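Novice: Annotations for this protein, taken from TrEMBL, read as follows:
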- 21-41: transmembrane segment (TRANSMEM)
- 53-77: transmembrane segment (TRANSMEM)
- 84-104: transmembrane segment (TRANSMEM)
- 110-129: transmembrane segment (TRANSMEM)
- 166-188: transmembrane segment (TRANSMEM)
- 200-222: transmembrane segment (TRANSMEM)
- 234-254: transmembrane segment (TRANSMEM)
- 261-284: transmembrane segment (TRANSMEM)
- 290-307: transmembrane segment (TRANSMEM)
């Protein structure tokens with residue numbers, strides 16, 4: 001006797017719900033190890049007095065990635081995705097260690113390092129208190145406004161600064177966006193924005209966090225393009241772990257139809273992880289076998305994720321999963 005279709009779909013749904021959550025939790029391991037090879041390499045260069053090698057790791061890219069991780073901690077706490085909260089917290093801590101090394105090697109300006117340290121410490125404490133319901137809602141609201149303003153202004157300034165000296169060295173982009181963001185937040189707090197305006201401001205906050213995280217990959221690839229000789233300062237293992245860690249979160253983001261999470265994880269896998277492996281391969285820093293194995297494995301994983309998702313949701317095609325992710329069911 002055949003099992004009813006709806007019952008089978010229900011079992012498939014529950015099973016993939018559980019499995020995708022476990023994959024997201026498993027991303028903790030590669031993210032825990034993600035910066036370890038880079039940290040070891042930086043330590044070796046610092047001990048050898050080879051501070052110039054640390055310039056292969058752009059502090060602007062690391063800063064955007066760190067702020068993005070910190071903002072995403074707040075985002076996932078609100079969505080009660082515990083596995084993702086842990087992953088992003090580990091990302092904050094490990095990236096901060098790299099930033100500390102860059103500051104020690106004078107590859108990052110000291111004032112920016114101090115400001116970053118204060119924001120990271122404050123953010124982790126507030127997020128911890130929010131997770132365990134120890135935080136006053138008004139303080140949390142202020143924190144959300146703060147990360148929106150800082151995130152938007154930092155993102156615009158870092159995007160501009162990445163392309164110096166091809167663009168003028170100025171803080172004008174960040175300053176303009178900072179003032180605009182402060183005005184928007186104040187109008188929202190005073191009730192001067194429409195309901196659509198408030199929702200739009202909230203969506204900007206989430207996407208700003210994702211874009212901050214995504215820009216880390218752009219900054220790294222731009223650095224590779226400008227200074228190919230410094231590619232030896234980039235760890236291939238770190239790039240592989242970035243691809244694996246972000247890739248493990250793709251099934252969960254797809255399953256719960258979180259387009260922002262999916263874009264961030266997909267970008268981290270493709271551009272920051274696989275994209276930098278392409279740079280390393282083109283400059284003969286990794287073998288052909290290593291690159292092909294990573295590429296084929298990643299492609300197979302994406303295909304499997306879409307196939308299992310379509311099966312869990314009872315859809316006729318994996319493309320339907322993509323359609324629902326982008327446009328909704």
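Including glycine, each Cβ sits where the backbone N, Cα and C put it.
What you are looking at is a predicted structure, and each value in this text was computed from that prediction instead of being measured.
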Novice: Which of 21-41, 84-104, 110-129, 290-307 has the most Cβ pairs closer than 8 Å to the transmembrane segment (261-284)?
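Specialist: Counting Cβ pairs under 8 Å, the winner is 290-307.
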Novice: How about the transmembrane segment (21-41) and the transmembrane segment (290-307): at least 3 CB pairs under 8 Å, pairs 6 or more apart in sequence, or not?
Specialist: no
Novice: Within the same chain, where does the transmembrane segment (84-104) have neighbours whose Cβ lies under 8 angstroms from its own Cβ atoms, ignoring anything closer than 6 residues to its ends? I mean 6 or more beyond.
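Specialist: Same-chain residues near the transmembrane segment (84-104) but 6 or more away: 24-25, 27-28, 31-32, 34-36, 38-39, 42-43, 46, 54, 57, 59, 62-63, 65-66, 69-70, 72-73, 76-77, 110, 113, 116-117, 120, 123-124, 127, 131, 245, 249, 252, 261.
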Novice: Can you name the far-off residues of the same chain, 6+ from the ends of the transmembrane segment (110-129), with a Cβ under 8 Å from a Cβ of it?
Specialist: 59, 63, 66-67, 70, 73-74, 77, 85, 89, 92, 96, 99-100, 102-103, 135, 139-140, 143, 147, 150
Novice: Let me spell it out: take the transmembrane segment (290-307), skip the flanking residues so only those 6+ beyond its ends count, and list any with a Cβ under 8 Å from a Cβ in it.
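Specialist: Sequence-distant neighbours of the transmembrane segment (290-307): 236, 240, 243, 247, 250-251, 254, 269, 274, 277-278, 280-281, 318-319, 321-322.
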Novice: Using a Cβ-Cβ cut-off of under 8 Å, list the residues of the same chain that are 6+ residues beyond the ends of the transmembrane segment (234-254) and lie near it.
Specialist: 16, 19-21, 23-24, 26-27, 30-31, 33-38, 41, 56-57, 81, 83-84, 87, 220, 224, 261-262, 264-269, 272-274, 276-277, 279-280, 285-286, 290, 294, 298, 301-302, 305-306, 308-309, 321, 325
